[in-house]
Amino acid sequence: MLRLNGLRVLLRTLAAIGALLTTASASAACADLLALSLPSTTISSATDVPAGAFTAPDGTVLDALPAFCRVVGVSRPASDSEIGFEVWIPSAGWNQNYLQVGTVVFAGNIQYRSLGFALRRGYATATTDGGHRASIGDASFARGHPQKILDWGYQALATTISNGKALVSAYTHRAPHYSYFFGASNGGRDALIAAQRFPGAFDGIIADAPSSAWVHNAFSWLWSQDAQFGSPAATISAAKLPAIQAAALAQCDAKDHTADGVVNDPRRCRFDPRVLLCSGAESDACLTAPQLQTLAAILAGPVNPRTGERIYYGFEPFAVATPGTWNQWITGNAAVPGGGHAVLANQFFANMVFDTGSAGFDHTQVNFDTDVARAERKPVAGQPLASVIDATSADLSGFRARNGKMILYIGWEDPVVPPRGAITYYESVVARQWLDNPQISRAEDALAQTQQFFRLFMVPGMGHFTGGPGTSAFGALYGPPALAIDRQHDVLAAMEAWVEQGIAPERIVAAKYANDDPAKGVVRTRPLCHYPQSAVWIGQGSAEDAQNFICVDSPRGAYLDAAPARAPLPSSAQSR
């Protein structure tokens, strides 16, 4: 018995020594990364971070992180390049995989929250600042610096893919088994760029609310800015948003057989805002004729005033009163008086298109006829601007050939990226299958071929990558946590199952928490169905429970009826 106890003590001692040696070895390995030679790259620091809370350089506090090796570096593939990046590698418990995360808006910083998300899931992870040190709402880095536009467009993504994987392999002494990418908003654009330009880099890609058609999307922002602020008489105050939302829901909410404050498929009901016209004195419950024209223009989206041709899409009216949607992006609020659309549009056009800088830019001088082509073709390092920053290529043949899988999702009430654009992009990929596969003879077959590697989820009631009255808790980068980390509830787990087990995601059960706070309980659950399916209540059982919904096929296309040939013009656009 004494011998047995002694043996146990010896084994425990050896295990403790082994753990210490392992930790010391990992520390040495992390520090050794400083000497790693990478093309056009300098490693600034490589340090071990203990488990627990971590305060990032920007002040972000990330709780409950595992111990990790934090690598900070900068790449300079060209003389005017300054691409910052970070790579975080678990010191123990690595899941053997790599997850790169995307940027936000104009980038300019490291998204530490996204790195923490990936690290907690066991991944080695990396991201970039997009090639500059401004801020997410500042595009001044681009003026007079075509190389920096190129870096922000796709070069920063490319160098971080290369450096991230090299550093992970050097630290762990093995290549990642599977590689994934997850990005939201501009990071969603990064995700599509990865599939289109670098098809061999990732096994699985998740694109959340991607601003894929960036140039045309910018015209949507400018259009709503012109409509909203073109004249004081036409401006819609935030106080009127509840009346607009109520009128839109009154017309359309019950069309999906559940009057629950969420419109499952806005394509099935075209809201007629004329019901809001004031019949007497103006109040917050109605709109004047100029305000009605403003609303109609924002909903319809930008058009060429000469030809009536659609430039891009507008925004949906069914959650406009939800905080963080229209009051932040379109009507403006105390923090952003002119609205986020004005900020993004002015920064983009002033610094990437016209090179005036913000102080010298007059948004009323942008011509919705001639300046669309001017913006698309603006020379950037020998390429048209649109080809550098847009992620609209329908050719995913390389990504498909390497057996890659991709999920794109977007909220139907997104106030930043028009959600119908996601359908148009997806349908362009479906159409491309006809070109890549001559044996396809039916539209249904082209769709089925696309669904083998690429699926689109339209999320009812969700705003820009989170928020809104819809069920937005399904494991998004910036959303509330999923009910469970499994393929039935969590989008990343669903992607892992698709890539690693061949189980394609048919539906994902999303949740809505009270005030989007998991501690306050679940308000409802709802299945997210992959396009062209949508969730339909079976007619019995609680309409707040996902088990009482089925996914059924719906018609395809951004519009189910004929889109208006000529959308109403903002008064400011009419005079140009």
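The backbone N, Cα and C atoms fix where each Cβ goes, glycine too.
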Member of Cys30, Cys69, Cys252 annotated by Swiss-Prot as disulfide partner of Cys269: Cys252
Cys278: disulphide-linked cysteine among Cys69, Cys286 [source: Swiss-Prot]: Cys286
Additional residues surrounding Ca(2+), by Cβ distance to the Asp253, Asp256, Asp260, Val262 centre under 8 Å: Leu249, Ala254, Thr258, Ala259, Gly261, Val263, Asn264, Pro460, Gly461
Cβ neighbour count (within 10 Å, all chains shown) around Asp253 (Ca(2+) binding site): 19
Three-state secondary structure, which DSSP defines for Asp253 (Ca(2+) binding site): helix
Rounded Cα-Cα span from Asp253 (Ca(2+) binding site) to Cys278 (disulfide bond), Å: 23
Greatest C-beta neighbour count within 10 angstroms, which of the recorded positions Asp256, Asp260, Asp414: Asp414
Around the Cβ of Cys252 (disulfide bond), the count of other Cβ atoms that are within 10 Å: 22
